[in-house]
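Feature list, courtesy of TrEMBL:
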COMPBIAS  150-160  compositional bias 'Basic and acidic residues'
REGION    87-115  region 'Disordered'
REGION    150-170  region 'Disordered'
TRANSMEM  203-226  transmembrane segment
TRANSMEM  246-269  transmembrane segment
TRANSMEM  281-298  transmembrane segment
TRANSMEM  310-328  transmembrane segment
TRANSMEM  368-389  transmembrane segment
TRANSMEM  401-420  transmembrane segment
TRANSMEM  432-452  transmembrane segment
TRANSMEM  458-477  transmembrane segment
TRANSMEM  489-513  transmembrane segment
Amino acid sequence: MNLRFKVHIVATFRRVCRGSCMAPMEKIDVRMNGEPRCAPSPEGHAFSADVGGGMTIKTPFSVSLSVPASPSSDAKPDVHHPAVPLKQARQQSLPSPTVRGSAAEVPAIRRSDTARKRDRRFDRLRTFSGRLDRQLSTLRGLSQELPAADLERGSAKISEEDTDEDHDVPTAGRYFDALEGAELDTLRSTEVAVLPKDELWPFLLRFPISAFGMCLGVSSQAMLWKTLESEPSMAFLRVRPAANHALWWVSVALTAIVSIVYLLKIVFYFEAVRREFHHPVRVNFFFAPWVACLFLVKGVPLPEWEIHHVFWYLLMTPILCLDLKIYGQWMFSGERRLSKVANPSNHLAVVGNFVGALLGARMGLRELSIFFFAVGLAHYAVLFVTLYQRLPTNVQLPKELHPVFFLFVAAPSVASMAWARISGEFNNGAKLLYFVSLFLYVSLVMRVNLFRVLRFSLAWWAYTFPMTSVALATVLYSSEVNNMLTQMVAVGLSGIAVVTVIGVLATTVYHAFVCGDLFPNDISIAITQKRPKFSNILAHLHLPSPA
């Protein structure tokens, strides 16, 4: 045995001793060409390791080295555990000696429940993107590495340069490139999501801002029944105040629940809320909470002029701020200009001004009501023309999103009521807006194919609020033009609106509590900031689905 090989043997033994913390050299069994050179000790060998807290781990082992007569560079020591047959152990080609102990005899070091159960794949959308949690975990000495199973599924298929590691939200153009559909909520086949698509996400991540559409539909019913009770043309119906009281309290409860849940999302998943706010379609639904609250104030079982003005100011201030933000983007932004982001959901960004003008006029704030009415009317005219002249290259809307077309009816019908309250009568200006809304309503109803929807979604609530708005405007019109025909139309449209709200509400409850599929994974907030590489797209397409 030459000197170089002896040095290699000594270095190998030292590495084994360091890994085992205690390995007596005299207990090493060395064989040359299968012949023993040192007799093995009859007693069992073991190494011990002190893990703290007075606990010592002892594991039995034996080391067997097979050295050929003429040592070569590829000679490898074979580390053998008594529980493993020698032949099987030699079949495992290892780059360096390792010591295997009995797994049953080595107690596992316990980790805290937070480290064991923490799923860090959703940290990128948490508040502060999970950086505070990672710092606290580092101070506690916990590992920050993901499990191998998590790395192999979903997130590991995207390189760091393809993800938004700097926590910036995607641009408007990126949303259009990565998503498709009228509400941009379907991931294209050539894109890769930053969150796993094969499992259910946390509930708060799946709770979208569009859930406030439920509040709009129910709270507008409180307005309708209050109007049916107070308008002289509907006196023959003998509507009791109890109907308005019951619907108003139901609307308050629903709005409170939805608001609390979304506030929790803001607290725990603020990055997801940021992505929704920068979404070209979802941003319009940020008007919905304030419009729903305006409906609640308008439908309160009290005369509007007895309500303190502070409520109107508190609700119209955020609407004004959103107007300045969104309308400014429509005019001056390159990627978010109206000609590029125009969709039926943009009506929600306009209708808030008309609802505020309607309530303000009833509360005696006439000048401010005219201001918001003028702002809303100017932008509604531009939006109406932009939506009518859609480019021929636009993708056809899928059937389950057709209900959003009914938002065309909402803005002119509410605007007609607002102008009637501002001017004190249902004059020609109010009639002009009302007839536009009535024509759009009838033209949509005549398209029966729009109602052949197979899959239920929150988009169905787009039917409720516009139908109720047209019914309200018709009730006011029948008070101005009081005859049998207008009364019949008002009662008929009111009945259709009530039945629609009841049907959609019942279906929503069924899918939420029975089917459990009301809130699927919100893919629209899980796109990458940059377009993924072609290799990552292929890896995503060939990714096997979990068993």
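Just so you know, glycine gets a Cβ as well, placed from its N, Cα and C.
Predicted automatically and left uncurated, TrEMBL annotations should be read as such.
Note that the structure is predicted; figures quoted are calculated from it, not measured.
A description of the local structural setting of each listed feature is requested, covering burial, neighbours and distances.
Beyond the ends of the transmembrane segment (246-269), by six or more residues, the same chain brings 122, 125-127, 202, 204-205, 207, 209, 211-212, 214-215, 218-219, 221-222, 225-226, 289, 292-293, 295-296, 299-301 to within a C-beta distance below 8 angstroms of the stretch.
If you look at the transmembrane segment (281-298), the same-chain residues 6 or more away from its ends with a CB under 8 A from one of its CBs are 182-185, 208-210, 212-213, 215-216, 219-220, 222-223, 226, 248, 251-252, 255, 259, 262, 304, 307, 311-312, 315-316, 318-319, 322, 326, 341, 343, 345-349, 351-352, 355-356, 358-359, 362, 524.
Long-range contacts of the transmembrane segment (310-328) within the same chain: residues 283-284, 286-287, 290-291, 293-294, 297, 349, 352-353, 356, 359-360, 363, 365, 368, 372, 375, 379, each at least 6 residues beyond the stretch ends and with a Cβ under 8 Å from a Cβ of the stretch.
Sequence-distant neighbours of the transmembrane segment (401-420) (same chain, 6+ residues past either end, Cβ-Cβ under 8 Å): 181-183, 343-345, 347-348, 350-351, 354-355, 357-358, 361, 369, 373, 376-377, 380, 387, 426-427, 429-434, 436-438, 440-441, 444, 450, 453, 459-463, 465-467, 469-470, 472-473, 476-477, 480.
Remote same-chain residues near the transmembrane segment (458-477) are listed as 183, 208, 210-211, 213-214, 216-218, 220-221, 223-224, 227-228, 231, 233-234, 344, 400-401, 403-410, 413-414, 416-417, 420, 426, 430-431, 434, 437-438, 441, 486, 489-490, 493-494, 496-497, 500-501, 504, 507-508, 518 (criterion: CB distance under 8 Å, separation of at least six residues from the stretch ends).
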Are there residues at least 6 beyond the ends of the transmembrane segment (203-226) whose Cβ is under 8 Å from a Cβ of it, and what are they?
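For the transmembrane segment (203-226), the far contacts come to 122, 125, 183, 195, 239, 243-244, 247-248, 250-251, 254-255, 258, 261-262, 264-265, 268-269, 272-273, 276, 282, 285-286, 288-289, 291-292, 295-296, 298-299, 301, 458-459, 461-462, 464-465, 468-469, 471-472, 475, 494, 497-498, 501, 504-505, 508, 519-522, 525.
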